[in-house]
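Have a look at the structure below before the remarks.
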Amino acid sequence: MANSGNYGKRPFRGDESDEKKEADDDENIFPFFSARSQYDMRAMVSALTQVIGNQSSSHDNNQHQPVVYNQQDPNPPAPPTQDQGLLRKRHYRGVRQRPWGKWAAEIRDPQKAARVWLGTFETAEAAALAYDNAALKFKGSKAKLNFPERAQLASNTSTTTGPPNYYSSNNQIYYSNPQTNPQTIPYFNQYYYNQYLHQGGNSNDALSYSLAGGETGGSMYNHQTLSTTNSSSSGGSSRQQDDEQDYARYLRFGDSSPPNSGF
């Protein structure tokens, strides 16, 4: 009967209580560290996620933020003044444009206090060159020219020795020393020269005008025979009629110089 109470039970071993105690201690310790580590891990992940999110949003803002330029730039771009200067028309001394488009040139004779009609031209540059040649004849080195560089070139050429007595530049003929050959002075506008003589001009002046490129272009003439040469040789009858009509307009409307004519 004494053994009936212990039937079906294992006999108790002394070392079994120690193993159970260690297992219970392990169950109490490891769950504590596991929960703490999971909390720390979640905190670290949350912190890293927040940091990465802030960096990403800051980068996106920098990309989408428009670039603002300083309007008070100390070195602003210079305005294009060269093109504006080319658009402005240059005014030449002794030249004015006719209502029908041609360019007229005239000069005031300082000795006679009268204006000398130089003719009409297709371009303003040709008319300005005619004025320069006449101004050099009347006033010499004191003349105010439209193209002073041409006069300087002619002066430099006159100091050279040897033939020829004239040179050509841009289809314009200039005599370096007219006194060496007074019989062949170029004058391409016979009609206006005759009118000048008819009004009391001095034939000895032998106006040496180079009007190449003008309306009444021609070849060189001897100044001694200009007054007797047929007018048809200077450009044809139709061209002379145009010259006569234009000169008649000059006599009718050209009694007073226009403003800024520079005569």
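Even glycines carry a Cβ here, placed using N, Cα and C.
Keep in mind it's a predicted model, so treat the numbers as computed, not measured.
Among the residue ranges 50-53, 150-153, 174-177, the one that Swiss-Prot annotates as motif 'Destruction-box D2' is 150-153.
Looking at the stretches 115-118, 127-130, the one that Swiss-Prot records under the feature motif 'Destruction-box D1' is 115-118. Taken as a whole, the DNA-binding region (91-148) shows an average pLDDT of 91 in this prediction.
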